[in-house]
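Right, one structure below, let's go through it.
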Amino acid sequence: MTRKQKHDCSLPFCTLYLYTINHHHVSTKVPSKNQTKLANGETEVHHRPKRGWIWNQFFVLEEHMGPEAQYVGKLHSNSDKGDGSVKYILSGEGAGTIFIIDEVTGDIHATKSLDRERKTHYVLHAQALDRNTKEALEPKSEFIIKVQDINDNAPKFPDGPFVAMVPEMSEVGTSVLQVTATDADDPTYGNSARIVYSILQGQPYFSVDPKTGIIRTALANMDREAREHYTVVIQAKDMAGQVGGLSGSTTINITLTDVNDNPPKFPQSMYNHGNFLYVPESAQVGKPVGKIKANDEDLGINADIKYSIINSEGANMFSISTDRDTREGILSLKKPLNYEKKKSYTLHIEGMNTHVDPRFSYLGSFKDTATLKITVGDVDEAPVFSMDYYIMEVYENAPIGTEVGTVTAQDPDIKNSPVRYYLDIKEEGERYFKIDESHGIIRTIQPLDREDMPWHNITVMASDVDNPSLLSHVPATVQVLDVNDNPPEIATQEEGIVCESSRPGQVIQTVTAMDKDDFANGQRFSFALPSHLPVNPNFTLKDNEDGTASIIARRRRFSHLTQELYELPIVVWDNGEPSLSGTSTLTLRVCPCQRHGRVRMCQGEAFLSSAGLSTGALIAILLCIVILLAIVVLFITLRRSKKEPLIISEEDVRENVVTYDDEGGGEEDTEAFDIIALRNPAAAEELKFRRDVRPEARQHCGPPRTCQSPALELDEVDVHEFIKQRLVEADTDTSVPPYDSLQTYAYEGQGSPTGTISPLDSPGTQSEQDYNYLDDWGPEFQKLAELYEEAESEIMT
């Protein structure tokens, strides 16, 4: 059985008919799955019922306002025989509230008015049941009820009203703005949402495209200066603009923006007579003295104006600049005015736009000119000095009242009043000059010293007798010229160095002189030793005739141990007029020197200084040494306090092997056993046999001038006898501890036949040999040379 559906649709409702068709197929083939073999031998094939529901949409008009419910459609099943045994059930969106169904007939009605703009469709489910058995005659199937649109919404401009701008003087058809309206109706059904644009207000200046809503200029050469703002009303109508369509409108405020289509223009071309500019001659240079303005109807940068003075008469005396805020031309002075020389000036001023649009060049040049007359006003002026700066000269030590120089000033006015002169008393410091009030002569009031102050800066003031409040100032500089009033002296005050190894004729030091005076052709000095003193046996002086002198040693070998300091007076003459001389004393210090005269040590602290150690570093080193010594002393004290006695108990006297872990003091330990006495038989006889008993001196002498030392006699003794003798002494010694002890003896043969090369035991002899050649052997022999020199110096002392 297959179900099919038949549609009988004629708006605004549809009726659905459901049919069931049964198919029976007979076959004699072998029964297979889904087949039944009958008693007569035939085979019955069972086909599964096939249902294929194809539901079309139901439609219901929106905004239904009738008194009765709106009929939507009808559901019908082929199982319905019209006897009321079939029950129709409706479920889904709005079932039972918006949509109701007649359970017997299957008619569907809408009980409420629907709005497509709120909900466009509803999804429902239909089912047919046997009213008696409650069994489903048809399966539950889904269908859609679509709300059909009507033209119930007018177009709207969601972004309005609008503001737009377009440059003035734009060409016809220039795009201004595009407006777009929206319609809530269904754009896929009819013309309810088909919009057409039209202009209600703003003609003939603007137009609108009916399809796109683009607003364009419709009139050429619209001038902002004539009219700047426009109001345009645009209408949007649906139903393609047909009669009965709904419409909406919006307002667009259009402003014409400025372009540079107007040149600047002065209010009048000639400014004279009553409109001239008055400038007093006292006006300051660089300060504004007046202003002029050209008008420009444009705005912003299109109205910027640059002013200039185009004639030479005005350009030489005045300058003009533009005030950016007011767009005025500001006149300023370039040079001082003088009423007595020129009483008026004529200026040709030009004003020109700085941003010119070439599209409007056909309108002419964007500039204008005007003539301005400036009248100079007479003002009572302060006196004017003949010079802007005065330089004068005077010799030092000149008598009081000496004339230094003269300043002159004159009243520039026509009346030419007398002038009075003053010195500025506000200047700090001591006063050295005065001025004659009537004639401007400057004189000294106290002696001047060039070495103390070579230049003096003063300020001279002048005023009219008729108007003392008008003052003028001028600076004056007085240079003090030099005279020879200071004796020369040695330039350095430091000590000179004399090496101990200096030789006669050797240059000890070169000295120079200085003089506080100023010599135009350079300073020349002469040097000599004082003539009233006896001849110096140690040094002499040589004038090098180049402004220097050399100190030369007259003898050899100085010693800082004999005399460390020498004072050498030196007389210096200058070449001034008159010539002056001065005596300076130079101190010379004797110091040991290395090769090539380099000072090795000159003072007690020279050694530390050469090491580059500061006082703080020396203190730190000494502190570290003291700490180390304290640690050593503490360590020794602790070690001595920990020593145990050799005999633990006086009652426990027996033979023991005692281990000592003390370390001896070496050769410097005078308490230790002298092993040299055993290793050298000769020394053994000379030393003590017992440390606590002084031995008797024994010496075997033979004939006169021949005495045999004990060492020679002991050399002939057999070593075996020598050791036996020492064994007996050890056994009989009662001062040793009562323990067994082990004594080791060694024997060294008699000395070398060549004898000793040590000079320590040889008699010292003094030599007059010169040991300076040891300096040439290198630093390895430097110490040896110093030892010989010190020894020789001590002998000479």
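Residue 1 is the first one shown; counting continues down the chain.
Quick reminder: no glycine exception, Cβ is built from N, Cα and C everywhere.
These features come from TrEMBL:
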- 77-157: domain 'Cadherin' (DOMAIN)
- 158-266: domain 'Cadherin' (DOMAIN)
- 279-385: domain 'Cadherin' (DOMAIN)
- 386-490: domain 'Cadherin' (DOMAIN)
- 490-607: domain 'Cadherin' (DOMAIN)
- 617-638: transmembrane segment (TRANSMEM)
- 747-768: region 'Disordered' (REGION)
- 751-768: compositional bias 'Polar residues' (COMPBIAS)
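On the 0 to 100 pLDDT scale, the domain 'Cadherin' (77-157) averages 84 in this prediction. Across the range of the domain 'Cadherin' (490-607), the DSSP-based residue counts are 5 helix, 51 strand, 62 coil.
Look at the domain 'Cadherin' (158-266): DSSP puts its residues at 3 helix, 45 strand, 61 coil.
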